[in-house]
């Protein structure tokens, strides 16, 4: 039997975190990659006895274009939390992104051993807090900042309100523990929503992307882009990369699924910066779709949380291996032996079919 603290974490996760994945129910339409959105066009009679899935991100070589997205408060899912995720990512030879709202600090995650790690950043009203946190991440060996830009306010998460979501008393937001910002007070609705309203800067704008560049040498990815207009602005602001994300479809109803927004953003970026997809990836076939539409790689969130809750570090290792195996098989059956061979010609989207019908 698991120790009491382990069972308490799991209970909190099941009661509050899993239901909180929904807003008003509409998010179910956009949280996953649309199953029928892409149809594959596999090529045949190609030697696929050797498949190379390696790639580079910011010059760092990783084993596959599948990385770990930032997900907050992982010790609610398992007592080892971010420690387990960091070790699993390192073992798989890929990148982990640590959330600002982690239940393990940047220093603690760095202490788990070698690995390529990014740090996800929310911008607080107190910019001294932001500057201190960025400096700590850089000192701890983190390689990039993933700046979340789609949360000036927290979306209406009705299950959070119903459950009066807050951190359990034995956990804190570790990165803010010494700043008197690590605890989340109980509220009549959502403790998280109250925390965000009190701490996160609603005035965040493109000039702040440039400000961040003055306080760190780490490259900055802009996370939460869904339109061509914002992709162009991100490039102009000096972003090192763009992450297409709808925040797990928990911020705003009726936003597009990430896969439907991806190609628009890729075209707007015009190859000047890499574009990544974060959200909706559940199978190796989803990874192939994203790369065929121009993504340089994908980040996974929920699969990591769910596997962490089920089996800790072993679970995260297993889900990474499953996705790797599925992606490798998809490449082989599509006639691709390296990532550069995955092209737009390997898939058909509804827009392609509409254009074909229009020409008739």
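Backbone N, Cα and C define each Cβ position, glycine as well.
TrEMBL annotations: computationally assigned, not manually curated.
Residues or ranges marked as active site, proton acceptor in TrEMBL: 247. Look at TrEMBL and you will find 70-72, 99, 120, 148, 223, 245, 278-282, 301-302 tagged as FMN binding site. The glyoxylate binding site annotation in TrEMBL covers 122, 157, 247, 250. Marked as domain 'FMN hydroxy acid dehydrogenase' by TrEMBL: 1-352.
Here the CA atom of residue 122 (glyoxylate binding site) lies 17 Å from the CA atom of residue 278 (FMN binding site). In the structure shown, the C-beta of 223 has more C-beta neighbours within 10 angstroms than that of any other entry among the recorded positions 223, 247. In the predicted structure, the domain 'FMN hydroxy acid dehydrogenase' (1-352) carries a mean pLDDT of 88. For the binding site of glyoxylate, formed by 122, 157, 247, 250 according to the record, the largest Cα to Cα distance is 18 Å, rounded to a whole number. Other Cβ atoms within 10 Å of the Cβ of residue 282 (FMN binding site) number 17 in total over all chains.
Residue density at residue 70 (FMN binding site): 26 other Cβ atoms are found within 10 A of its Cβ, drawing on all protein chains shown. When the binding-site residues 157, 250, 302 are compared by the number of other CB atoms within 10 angstroms of each CB, 302 has the fewest.
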